[in-house]
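Feature annotation from TrEMBL assigns domain 'Pyrroline-5-carboxylate reductase catalytic N-terminal' to 11-105. Per TrEMBL, NADP(+) binding site is recorded for Ile14, Gly15, Gly16, Gly17, Asn18, Met19, Ala75, Val76, Lys77, Pro78. Taken from TrEMBL, the feature domain 'Pyrroline-5-carboxylate reductase dimerisation' covers 169-272.
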Amino acid sequence: MTDATPSLPAIAFIGGGNMARSLIGGVVKAGGDVASIRVAEPVDALRDALHADFNVQVFDDAAPAATGAEVWVLAVKPQVLREVCEALAGLAQAQRPLVVSIAAGITSAQIARWLGGGIAVVRAMPNTPALLGAGVTGLYANAAVDAGGRDIARTLLESAGETVWIDDEALMDAVTAVSGSGPAYVFLLAETMVDAGIAEGLAPDAARTLALQTILGAARMLTADDTPAAELRRRVTSPNGTTQAAIESFERDGFRDIVARAVQAARVRGVELSAANDEA
Ligand SMILES: NC(=O)C1=CN([C@@H]2O[C@H](COP(=O)(O)OP(=O)(O)OC[C@H]3O[C@@H](n4cnc5c(N)ncnc54)[C@H](O)[C@@H]3O)[C@@H](O)[C@H]2O)C=CC1
Ligand SMILES: O=C(O)[C@@H]1CCC=N1
């Protein structure tokens, strides 16, 4: 939580789905001024829930939410972003907002162009632990973003957790592949460990508690200090013990390659999303 959070300018979230809810929850929890938050969301139930839960102003259309807001957070799916931006282009040229896009793949140049050109765009790639303030966000600013704009974007995303600036926009697809999608990899590991425990005879509740608390405890150890993950792993691995048997099995089965290929697939998909949504 930063002291600057309450002084964020008026922010319009365009799209009030999962990630917008996580970010809004973070800003509200951090003491941000809810009166300065507007959300455009076409789905009635989502819109009503955002208003009920956070007391933010809600709209069923993007333009009235964006009118007068200094910051626009684009939180729609990549596949609809072009249409959303083109509908807001006139307003963007009149208002010159700071645009923060959380859409996977879509580049700052595409967004600036779809909004009519010359727009300050920050690409942000948060992740769902933002809901607990335990997220991490990669941030990239295009050349039109000034120091004040960078501060606003950082402050906004810091309410969801840590932030990391990325200088080369091409690497935002790698950020997405590691941390944007990353929680799903950990959830997959959790599912697999619970299922494996059950397969070995543990009761489902016991397997769940054992696996999930192990992941939580390990994550806390990983972030407690600078001890490398490999060293923490070594400390668990007694010579010729049970862990060594498991790690050797992972290595034989190509665990490192499996993870590297999955991260690469996510990165490549980011590039594809950019290209697929830019056809004339
Ligand atoms: N879910 C995740 O873990 C992460 C998602 N993202 C990015 O965040 C963006 C949103 O993803 P989610 O929140 O997961 O999707 P979502 O589907 O939950 O939210 C998108 C929302 O946009 C609304 N919407 C559609 N058209 C609209 C329009 N014309 N005006 C205003 N709202 C409109 C939809 O009704 C929906 O509620 C995507 O671009 C995704 O790449 C980024 C980081 C992590
Ligand atoms: O799966 C996706 O495309 C989005 C971006 C990162 C996490 N969810």
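Glycine is treated like the rest: Cβ placed from N, Cα and C.
Helix, strand and coil counts from DSSP across the domain 'Pyrroline-5-carboxylate reductase dimerisation' (169-272) read 88 helix, 0 strand, 16 coil.
Lys77 (NADP(+) binding site) has a Cβ environment of 14 other Cβ atoms inside 10 Å. Neighbour density at the Cβ, taken as the number of other Cβ atoms within 10 Å, is lowest among the binding-site residues Ile14, Gly16, Asn18, Ala75 for Asn18. For the domain 'Pyrroline-5-carboxylate reductase dimerisation' (169-272), the mean pLDDT of the prediction comes to 98.
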